[in-house]
Amino acid sequence: MNHSRGKHRSPSLIESEECPPPKKSSFPTVVIKEKKSRLIPSRYICVLLGFASYLTMTAQRLNLSMGMVAMVNNTALQLLSDGENKPSECPTRIVIHLNESMETHKEEGGYLVWDSETQNHIVSASFLGMVLTQTPGGRVSETLGGKQVLIFSLIIASICNLLSPVASDWGPYVLMAVQFVKGLAQGLTIPAVSALMAKWFPQTEKGVLSSVTLSGFPGGAVVGGLLIGILCNLEFLGGWPLVFYIFGLLGLVLSFFIYQFASNSPDDDEYISESEYKYIMSNMETKDTTVKYKTPWKKIATTVATWAGIFGMFGQYWITYFYLSVQPTYLGNALHFSHMESGYINSLPYIGQILVTWTSSYLSDVLVNKGYCSTDLVRKVCNSLSCIGFSCCLIGVTYSECDRSLNTTFLVTGMIFAGFGYPASQINPLDMTVVFAGTLMGIVSTMASTAGFIIPLIVGSLTNTEQTLSQWNKVMYISSGVSVVSGIIFVIFGSAKLQDWDTPVPNPDLEGMDNEAFEEKPEESCSGKLEEPSNGANTSYVVIDRIFFREIAKPNDLYRKVWRKTISEKDQKEDGGGDSSVRPFTIHISDATLKDLRSRLENTRFGTVLKNSKLTYGFSPDYLQTLTKYWKDHYKWRQHEQELNKYPHFKTTIEDLDVHFMHVKFNPQEQSRKITVIPLLLIHTWPGSFTDFRKIIPLLTMSRPGHKIVFNVVCPSIPGSGFSEAPQHEGFNANNLSDILVTLMDRLGYSKFYVHGNGWGSVIASVMARYYPTKVKGLHVTMCFSLPNVFDSIIKSVVVSICPFLVSSAEYRIIFPLKKRLRILFEETGSLHMLSTKPDILGCALTDSPVGMAACVLEKLRLDMKLDHRRLQDGKISETILLDEFLTAVSILWFNDSFISSTRIVKESIDDILQGTHDKLPLVVPCGVAYFPNEMFILPRFMMDNLAEDLVSYNVMPRGGHFAAMEEPHLLAYDIWKFVQVVENRPTILQNM
């Protein structure tokens, strides 16, 4: 893990001088300092402190809502009302002890004479303060550190708690102000603890540790309810002031323990053991907090599911605040429970809620992970159980009248039902977004928290003059109605699906942000200028962050000996004799060749035009006529040739073949501080070439402020494609190509490197990773060819179309749609069949016709983008790829007479794919997969887990297809960078396995 910090200037994109063989790349290692270890693991200390913080915060909330019954003299209120205030309909219970005379009149409560409306205004002040600081609290915790913010929150809230008895003597408005400040401080507690949880809880234990930490909320209600009831019955210091003093002191003591034992992250903890540090860091979801993104506020605000989530969580918060603020008052003023009895009853619901919450959360995860239910269904069912169960219990309370046992039963049962709300709308924002989860949670939670000060206001207005059951029943009806309505809205309009706006766009206005790396703009070159405009498509990027670490698996025993022997032979293979020099290369097409192309374009025969056929019969002649006219009269090859030559091009001879490649290096002279420069090999697909990666290369070779990784990119033309020489013998398959490309990397001085493959380049890259695991540090692909992918996915599509509950909603939508699979199988694989059996027949025909070649490539582009667009004139290709980009790629195929030779990779490799030849060798290097939804074949995650023994990342992008580097360069660039960052940040022991 590289712990260097600092910002970096963005260097020039390309070194234009000749490329000498660089020194062999050095790779970062994790240096783990020896640390004094504690008896208790540090992450468990974080759990205990987080649990205690939530417990203290909840108990301090209850101080006022439960203590108010003891603070206010309800008897005096009735006497002062002169009959205006109707007494409670339920009789006051008088306990007669032996040897004691029975009192004829007993005052209820303390010495403060505040009416019900004033009481509820005071309670509301604290909740109002919390609403105002929850959203900014998250950003403050990220900036200053969760530990510092948590200490500040506890100290201020505890001081306010200690001042509350004195403030009450000065008047209700002074107490209201103190409670408001306490609410402001407590609003920071939740985001502060969340920031610590994100840094300390490893992925493998996140569910358990988070559940234990969050159980501090109901735990605080249990502890607070029991102690407050006992303390209010004491005569020492008046009883109820002890409540504020004790829990205020508890908060101050806890803040001292947090200062002494907590740390913002494992890196900041000098007492964490080496083994625990390795464990946490190797099982942690990495997230670069130095990058800041533009938040799509408008899209979030205009999404129906966002407002449904707000209503859903508002209903759940209403239930929570009902038990925190309404129930204690109802038990004390309407049913005349003693302070101790009220404390016991207020604690019982939370004990049941903890049990229901843990059980329902576990069952929900099981149902989703096993594929029995979708996440959306589970969230809505649990939310409905919570809302309906709570509402029915409140209706039961209205029929219980003064029956204390029946009232208690309904109230306790209602809170138990509320436990179903935790795996429902309360975590729904985390389902809707990954990148903006914190922001959305803050927005939804803030708006839902308004229930905390609305409820006391309603209760105060209804019960201020009448503490009768009929008035309290109105409170129950309103609460029941709010719960049901919020539940209905969530069920109808809510969604647990990832939203379209979950696509972060870097914000160049924020300090520390990478202003250039992932921002849509014209490409730069070694001269600093490039006239070709940037693609106009939406080029923001997304990360569906399902990255995790697993212990590195060992090769399959069946192939262990063969595998070891094979890679040993591969590693010992030396570069053959002959010319091994690396020669600069300049692209230049002769005038005679350009003249021949123009002549063929002018004399193209287009055939009969089929009216209104669009793309159902392939690209129509009328569209091709328009394309040909532009190609002949407006397209300027010399301009694009000049721009291509701004990149550093080279050739070298490997196995008697001249191999062309671009070597785009990061310029170390322009970096402000030392960063890690990593070699990356990019392998293109068919019918592409090195030009496929023109948009993505600048994104990978730039230094980014706050980031520690930048790439030296090697982008070859596969032999037989582009400007690389074509092989002249049969059997030149992915194995031979991988050997040549590994030799190329060795010749450039890169003994270890990462490799990315697109389409058929993924096949070559995967073979390379299997045969050269000591050289390939990581494999990143956008497509995985495998036997189960071709056949099993078709069979599974039929089964899943009948039983969609067998898979997740995302897999059903993207991977298993039956209609799409059958259309691909019967309508769209004709060219694949010809290329895999008789490629030269198609190749010879197209080699003589540039327009025919362009039509074939267009069809390939259209097929790999989106089938739904084939009823449109150009298949919407022009919205993703510039026409000049396309014509440049086709022209290179034409000039080098490489269309026929480039197609042979399909013929030479298809048998190995169908027979699963390469799958028999273990794939042990770290692997990352970025699937684009318009790709022809997509393997579900469970299949990838079987193929790759160390699957680091599996991300499904929101858009794009087979030619991802051209269609969505920013999406792909970020996914590659994120994958490499995760692998490089692993402890050394994992990197060397």
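Even glycines carry a Cβ here, placed using N, Cα and C.
In TrEMBL, annotation is done automatically, which means it is predicted and not curated.
Under the heading compositional bias 'Basic residues', TrEMBL lists 1-10. Annotation source TrEMBL lists domain 'Major facilitator superfamily (MFS) profile' at 62-498. Per TrEMBL, region 'Disordered' is recorded for 1-26. Annotation comment: TrEMBL describes 149-167, 208-230, 242-262, 304-324, 405-422, 434-455, 475-493 as transmembrane segment.
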Open item on the list: Take the C-beta pairs under 8 A between the transmembrane segment (405-422) and each of 149-167, 208-230, 242-262, 304-324, 475-493. Which stretch has the highest count?
Closed with: 304-324
Task: Tertiary contacts of the transmembrane segment (304-324), as residues 6+ beyond its ends and Cβ separation under 8 Å - done: 61-62, 65, 127, 221, 346, 349-350, 383, 386-387, 390, 411, 414-415, 418, 421, 424-426, 428-429, 432, 440, 443-445, 447-452, 455, 479, 482-483, 485-487, 489-490, 492-495, 497, 499
Open item on the list: Can you tell me which parts of the same chain pack against the transmembrane segment (475-493), counting only residues 6+ beyond its ends and a CB-CB cutoff under 8 A?
Closed with: 304-305, 307-309, 311-312, 314-316, 318-319, 322, 326, 330, 380, 383-384, 386-388, 390-391, 394-395, 397-398, 424-425, 428, 455, 458-459, 462-463
- [ ] Quick one: average pLDDT across the domain 'Major facilitator superfamily (MFS) profile' (62-498), no decimals.
- [x] 75
